[in-house]
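Swiss-Prot lists Lys6, Lys11, Lys27, Lys29, Lys33, Lys48, Lys63 with the feature ubiquitin cross-link. What Swiss-Prot records for Ser65, Ser141 is phosphoserine. Residues or ranges marked as ADP-ribosylglycine by Swiss-Prot on the basis of similarity to another entry: Gly76. The feature domain 'Ubiquitin-like 2' is assigned by Swiss-Prot to 77-152, with sequence analysis given as support. Annotation source Swiss-Prot lists domain 'Ubiquitin-like 3' at 153-228. Under the heading domain 'Ubiquitin-like 4', Swiss-Prot lists 229-304, citing sequence analysis as support.
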Amino acid sequence: MQIFVKTLTGKTITLEVEPSDTIENVKAKIQDKEGIPPDQQRLIFAGKQLEDGRTLSDYNIQKESTLHLVLRLRGGMQIFVKTLTGKTITLEVEPSDTIENVKAKIQDKEGIPPDQQRLIFAGKQLEDGRTLSDYNIQKESTLHLVLRLRGGMQIFVKTLTGKTITLEVEPSDTIENVKAKIQDKEGIPPDQQRLIFAGKQLEDGRTLSDYNIQKESTLHLVLRLRGGMQIFVKTLTGKTITLEVEPSDTIENVKAKIQDKEGIPPDQQRLIFAGKQLEDGRTLSDYNIQKESTLHLVLRLRGGVYASPIF
């Protein structure tokens, strides 16, 4: 019988075959006609890649059926994509394939539109314009596919240089996730990033929705100088709060961070260090407060009376 083989260039090759011919035989016939080595050929029928040892009749390929010929580049390899349902999809890819290409292959196999796909490898969400080799994804690596809920949105991040970065995010993304996306785009390590929205520094473990950050919101990125440090604040109940600060932060800034974490208005806070009450306009470095120093927080009661500190 006759079958047709269509190439990516649109050329159609006619082959004389038997239903009992193996896919290997068919590739040999294509080599005879077109000079393409069998190991560089991938044959597709009804959306499936055909295996060398199987026959045309195994795949119900009948007279005048059309196969599609795709060339396997030298670097061709298989990777796996695992879905949340536990299903594993096998893909034929090249190291030079972009994440966008991979999403298109998943759409071909599973019908999931690329804009609803998020691909994760080694804990990182993969960006469309980057390649598999950029992420060191090698043969037989497993990617994880997470569906992007309709809530997916764009936000903007403005740097001190005036540059604006566009990010694809979910309301459920944590600030930590957002910093990882900025690292992917700009190469800035998360521990050097401070993100500000509506005048507040954003905490790693909180989500965008926690801060009411919506589509097309703009965050401000400030680089944390190497002087960034942790200090502790001990309350009268004995609870210890950890804060990320800079030596140049004012006491007012520190009180704002405490308000973010604990909900205590700054005007009800008194901070004590080395027996001294700290003044709002002064900085941590003014008081020689260094990394891992402990401040004591005393609440200023409404009537102007103070709760006594217990040190």
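Note that Cβ sites are derived from N, Cα and C of the backbone, with glycine treated the same way.
Shown on the structure are the features that Swiss-Prot records.
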| residue | record | contacts (Cβ under 8 Å, 6+ apart) |
| --- | --- | --- |
| Lys6 | ubiquitin cross-link | Thr12, Ile13, Thr66, Leu67, His68, Leu69 |
| Lys11 | ubiquitin cross-link | none |
| Lys27 | ubiquitin cross-link | Pro38, Gln41, Leu43, Asp52 |
| Lys29 | ubiquitin cross-link | Leu15, Glu16, Val17 |
| Lys33 | ubiquitin cross-link | Ile13, Leu15 |
| Lys48 | ubiquitin cross-link | Tyr59 |
| Lys63 | ubiquitin cross-link | Met1, Gln2, Ile3 |
| Ser65 | phosphoserine | Ile3, Phe4, Phe45 |
| Gly76 | ADP-ribosylglycine | Glu92, Val93, Glu94 |
| Ser141 | phosphoserine | Ile79, Phe80, Phe121 |
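Under DSSP, the residues of the domain 'Ubiquitin-like 4' (229-304) split into helix, strand and coil as follows: 18 helix, 28 strand, 30 coil. Counted with DSSP, the domain 'Ubiquitin-like 2' (77-152) comes out as 18 helix, 28 strand, 30 coil.
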